[in-house]
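In TrEMBL this protein carries:
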type     : residues                                                          : note
DOMAIN   : 4-137                                                             : domain 'Alanine dehydrogenase/pyridine nucleotide transhydrogenase N-terminal'
BINDING  : ARG15, LYS75                                                      : substrate binding site
ACT_SITE : HIS96                                                             : active site, proton donor/acceptor
BINDING  : SER134, ASP198, ARG203, SER220, 239-240, 267-270, ARG280, 299-302 : NAD(+) binding site
ACT_SITE : ASP270                                                            : active site, proton donor/acceptor
Amino acid sequence: MIIGVAKEIKNNENRVALTPAGAEMLRQAGHTVLVEQNAGLGSGFSDESYLKAGAQIICDKKQLFDSAEMIMKVKEPLAPEYELFHEGQILFTYLHLAPEPELTKALLEKKVIGIAYETIEGPHHSLPLLTPMSEVAGRMSVQVGAQFLEKPFGGKGVLLGGVPGVEPAQVVIVGGGIVGTNAAKMALGLGARVTILDLSADRLRQLDDLFNGQVTTVMSNSYNIAQWVKKADLLVGAVLLPGARAPKLVSDDMVKTMEPGSVIVDVAIDQGGSVETIDRVTTHSDPTYTKYGVVHYAVANMPGAVARTSTFALTNATLGYALQIANKGWKQAVQHDAGLAKGINVLDGKLTYKAVADALKIAYTPLEQLL
Ligand SMILES: NC(=O)C1=CN([C@@H]2O[C@H](COP(=O)(O)OP(=O)(O)OC[C@H]3O[C@@H](n4cnc5c(N)ncnc54)[C@H](O)[C@@H]3O)[C@@H](O)[C@H]2O)C=CC1
Ligand SMILES: CC(=O)C(=O)O
């Protein structure tokens, strides 16, 4: 198979979908790997390192897209990329289609085979290609939250851990999955008080065990969320209903009860965001805005800022799937791996992921009907 690795164009997106090691493994399996010029630079990989691994460097983005049977990316395509796809081309990347009607329309019109990292399933409904970036973003949420709590960054001037004689800050995390757990680890490590709300009583039990009672676990409902949002110095949005638009769990009225200079980091923004006062996606170059005196951070590609760590973590998880798709062809690969099949969101002009179809009010076609 001819595989094209595109350079990312999103604001401060420094990750790349394939490392030189991955290029070498695909080459050894008999595939042709085309890498867009400078695609790896933001993660510390030179064009020479890809050439040494047996890849070819392509200077022209259009030529790369025209030649490749499978395009590997990190982030969802942006408008200037929509035109570059061709019918039957495989796109292997994060897609997050539920909040993206224009992108979805473009991929359907182009009849692209869109395999979304974030909906591929592993054992027990785990999300193996989302997990590594959720680990990164969960950890970062506390790092960036701590910074924006500082006065020069618009915050109330509170140190997460406090100091002897001065109480620590209160971190409230809505959603106790991978992002939530990693945020809690960092916040506890810095000495903050931590509360996690989740819908699943089993998950709350696991968190209580995992943190040995050091975090407060609370059942998620609108009453409890309102109580805890009011107390939060740092609020982290970390919910997910796979594929679907994130539920707006934190209302406008709840945010109004927060103290001025408190901070919200809504990690779930890539699925549309879980906080009502977040009405726009922010970027690494302009990461925050203030509403009702509260600092809002809503960057949809947080791991792009720590690209070297993130690229290794992401490609550790994606490469095996890329090899399956390239070696067997997409159809056989999904027929052999039901978890990989869950990644197919669009195929042959049809929407094949139910939660996305429901969010966008587009007809849903079960994948099995198209195989
Ligand atoms: N902004 C960024 O750069 C990044 C964003 N993300 C996003 O972070 C979000 C969370 O991802 P993960 O932690 O991996 O998901 P996860 O599936 O591991 O955890 C989600 C948790 O939310 C809980 N939940 C669902 N509905 C809830 C409700 N009403 N109240 C409270 N909890 C509820 C679930 O029970 C689950 O424990 C996703 O949208 C993911 O795409 C992940 C990585 C990077
Ligand atoms: C998960 C995701 O959207 C990201 O890593 O950017």
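A Cβ is built for glycine as well, from the same backbone N, Cα and C atoms used for every other residue.
The structure, with features from TrEMBL marked on it.
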| residue | record | DSSP class |
| --- | --- | --- |
| ARG15 | substrate binding site | coil |
| LYS75 | substrate binding site | coil |
| HIS96 | active site, proton donor/acceptor | coil |
| SER134 | NAD(+) binding site | helix |
| VAL267 | NAD(+) binding site | helix |
| ARG280 | NAD(+) binding site | coil |
| ALA300 | NAD(+) binding site | coil |
- [ ] Output, ordered by sequence, the same-chain residues six or more apart from VAL267 (NAD(+) binding site) with a CB under 8 Å from its CB, or 'none'.
- [x] SER134, ALA137, GLY138, SER141, VAL179, ALA183, VAL236, GLY237, ALA238, MET302
Task: Sequence-ordered recorded positions from ARG203, VAL239, ILE269, ASP270 with Cβ under 6 Å of an atom of ligand 2 - done: ASP270
TODO: Whole-number Å only: compute the distance from the Cα of ALA300 (NAD(+) binding site) to the Cα of LYS75 (substrate binding site).
DONE: 9
Task: recorded positions compared (ARG15, LYS75, HIS96, ARG203, ARG280) - highest count of Cβ atoms within 10 Å - done: ARG15
Open item on the list: Out of the binding-site residues I have (LYS75, ARG203, ARG280), which ones have their Cβ sitting under 6 Å from ligand 1?
Closed with: ARG203
TODO: Express the distance between the Cα positions of LYS75 (substrate binding site) and ILE269 (NAD(+) binding site) as a whole number of Å.
DONE: 14
Open item on the list: Using Cβ atoms only, which residues of the same chain lie under 8 Å from ILE269 (NAD(+) binding site) while being at least 6 residues apart in sequence?
Closed with: GLY237, ALA246, ILE278, VAL281, ALA298, VAL299, ALA300
Open item on the list: I need the nearest neighbour of ASP270 (active site, proton donor/acceptor) among the recorded positions ARG15, HIS96, ARG203, VAL239, using C-alpha distances.
Closed with: HIS96
Open item on the list: Can you tell me the CA-to-CA distance separating VAL239 (NAD(+) binding site) and HIS96 (active site, proton donor/acceptor), as a whole number of Å?
Closed with: 14
- [ ] Restricting attention to the domain 'Alanine dehydrogenase/pyridine nucleotide transhydrogenase N-terminal' (4-137), give the mean pLDDT.
- [x] 98
Task: Separation of alpha carbons, HIS96 (active site, proton donor/acceptor) and ARG280 (NAD(+) binding site) (Å) - done: 16
